[in-house]
Amino acid sequence: MGEYRLAVDIGASSGRVMAGKISEAGIDLQEVYRFDNQAQLMGGHYCWDVDHLFGEIKKGIRVAVQSGLQPVSIGMNTWAVDFVLLDEKGERLTDAISYRDPRTNGVMEGVIETYGKKALYERTGIAFQPFNTLYQLLALKKQNPELLEQAHAFLMVPDYFHFLLTGVKVNEYTNATTTQLVNVHTKDWDRQLLKEFGLPCGMFQPLQHPGTKIGSLTESMEKELGVQLEVIVPATHDTASAIAALPEKQTSVYISSGTWSLIGIENRTPICSQQAMAANFTNEGGVGSRIRFLKNIMGLWMIQEVQRLLPGHWSFSQLAQAASESTYTGEIDVDQHRFLKPENMIEEIQQACREKGLAVPESPGDLAKCIYDSLIASYDKAVTEIEAISGKPYEQIHIIGGGALNKEINQRLANRTNKTVIAGPTEATAVGNLLVQAIADGELSRIEEGRALVRTAFPVTYFLPQRSESHVSSRFESAKVQYEQLGIDVEAAFAKVKQVPISVHCWQGDDLHGTEVIANELSGGIDVTGNHPGRARNGEELRRDLEKALSLIPGKHRVNLHAMYAETDSVPIERDQLKTEHFEKWVKWAKSLGIGLDFNPTVFSHPKAADGLTLAHPDEEIRTFWINHCKACRKIAAYFGEQLGTPSLVNIWVPDGYKDTPSDRLTPRKRLKESLDAIYADEYDPMLVLDTVESKLFGIGSEAYVVGSHEFYLNYANQNNKLYLLDTGHFHPTEVVSNKLSAMLLFHDQLALHVSRPVRWDSDHVVTFDDELREIAIELVRNDALGNIHIGLDFFDASINRVAAWAIGTRNMAKALLYAALMPHRHLKQLQDEGDFTSRLAMQEQLKTYPFGDMWDEYCKRQGVPTETEWLDVVKEYEQQVQLKRESEKAKQR
């Protein structure tokens, strides 16, 4: 195991060369090279520039080789139906004309009239689409019959690329089935059908199934690329490769969502009934001789075209956001052929709306919502048809491919169909391609083993059916009236809170074990109780759990790391030697999510912290070790800021103190000050690094005296222009942080806040929606300080599901901010200034019974996250599908 393979995945708008390998840890997948693709007008037809594409493929191979990956095999997949013809010398006779070219107009209708729809469907099982290869060949026969006479080889686009690499001509089975020329029962070319349509049988190559090794690179190609690769035919139809990586068992309807949306189920035998034909379902080939019973739906092509035509630079995420805010309600039939290649997609959509008597969408948000709602309606109809035709109910819809990232569609589809929608992996096509190559080389025994790997290697997101949007919206509208009667701008409150990032602490996910090779016992007064199953065991699992938690939390996110989460490839690295390279996986992950990273030196749980002293230690060697560790952490934080485009808050907290009354309080504090001065000697751009210091009043092992007390760090921060961090669990039980914030804000431009929940002497319980949390949020909102505060969480609880702990705590922080934003602060201040304390108290109490829950549900709904009654079901599903499997794996290892 462990050899890299290359999967070339080309779609209608772009192509990628992906590298992947199978290992004991799962599947390592990385993008090596990306390039654009677009049909171009050539010789009067819309064509794919296959020469350009093959040049890009070769560039990608070279990049992989030059990066030291040492790939051993390669396989190509593309879209379906399009082809080239070769002459007897292997030279191309035709361009690869696109399926969107109008040359086939009217051809399909003529075939149906002369041959009969039922007869053709019973033989091929393929849906009637005007761009099918059969109709392209018949158009070519009519327009350029001499080309068919000269043709010695028919190769579909990925077959052609394989030929250019090896000199070997083959037709791959899954893609060949889309031609409407393969017999669905024999799974071979239908020679009788070819003769009846007057197509030369000799140009069609023997069908090869996915996993066939067709040869190595030609000598000239090997020399040009500087590598020897074995070419293994995957499922060359991109959808077939994507379905091969479907992580769920056969209990789901799948949607392979990209430029096209292909919705269906996987069968062992075809369904060629009258009902299937009437609904225009197709029976395409799959990996392992399976049948992909599916329906072609327009997919994201329409939104891609709208995005291309809109003035300005609209991203797909911006369009999705605009759609979520739109009130447009019209739906059109996205499966009409008029949307295949219109001159102007926006005008075509608007005209379709006019013809149906619908309001005409004008704004980007209305256009996007019209497309999304229409797609969802088409999906819903297809699911209903699948259940009726197959005679089986399906409880889940699994979306794979790039469209799985569209939370707006995913949630609305779950609501409309009343089925759980599972989204991911997004790179299913490349993964399926690689799995087939691995099976061919004996790394995996069969596709089921590969799918099991996918289940553990790639995170998925669950979207459960929510209460009907009209129900949530109607309750919200009713509640909104009550709040507006108090003079509150509800929409402004939503917008304000949505922009506040909350930094989620990674250490909740693994009970502060970290990922260091050198195992260290917890120290510094830190302890984690509980043993709930499913603890993350490595960085990949921790990131996967974090992604699941973040998918349940509305608003902006950040993630807070400790230095003990370095990933050093099994090489022991001391903390004072940590480098940016040890956090590259975290940065790559954060980039993929568009979030920032905050950072903390880990100045505990180490032999050099065993006696409870670190930066204040009397031993200079130990102090120097920790100084160098903190310096390394600031450098790593600067790397985070540079790579992610947002400052990284790097926070220093040390456990230094004494259990009993010390005989010298001053000297340890002098040493701590000198250590901090040494750490901060190097200047960093505040656009990259925000230096923060955190105090504590007492702790286990420092009950009598803490070196870095509140007074110490407050004065140090003031004198040295550092941010002061208030931790809600680091003060005496009679003190509350909400009472300190206004005093601090008078003298500090920025503050940092760690939100926890103290319980007696323990400071780090899961945050609940209690009075103090609400008061903290109220202080920040009414003093207009949300832009001056950096909010993070800091708790750890191993007695409950760790993802649930993240969700509960962070949702409560966001909930408290929204609660505060929906208060009439100006009026309450006025009552106080006027001395009308009776009215002030009455209003404060009255607000506690306002329908805030309806506001919160609407806020969550708009951002595509589960409401208060729904998120726990998602966590329980994740626990069953992912976290509990870790326990069984640990048991096997024992």
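Cβ from N, Cα, C; glycine included.
What Swiss-Prot lists as region 'Rhamnulokinase' is 1-465.
Residues annotated as region 'L-rhamnose isomerase' in Swiss-Prot: 466-894.
According to its DSSP assignment, D764 (Mn(2+) binding site) is in a strand. Remark: D764 (Mn(2+) binding site) has G729, S756, R757, D794, F795, F796, D797 as non-local neighbours, by Cβ distance under 8 Å and separation of at least 6 in sequence. As annotated by Swiss-Prot, Mn(2+) binding site applies to H730, D762, D764.
Around H730 (Mn(2+) binding site), a 10 Å sphere centred on its CB holds 24 further CB atoms from the protein chains shown. DSSP classifies H730 (Mn(2+) binding site) as coil under the three-state reduction.
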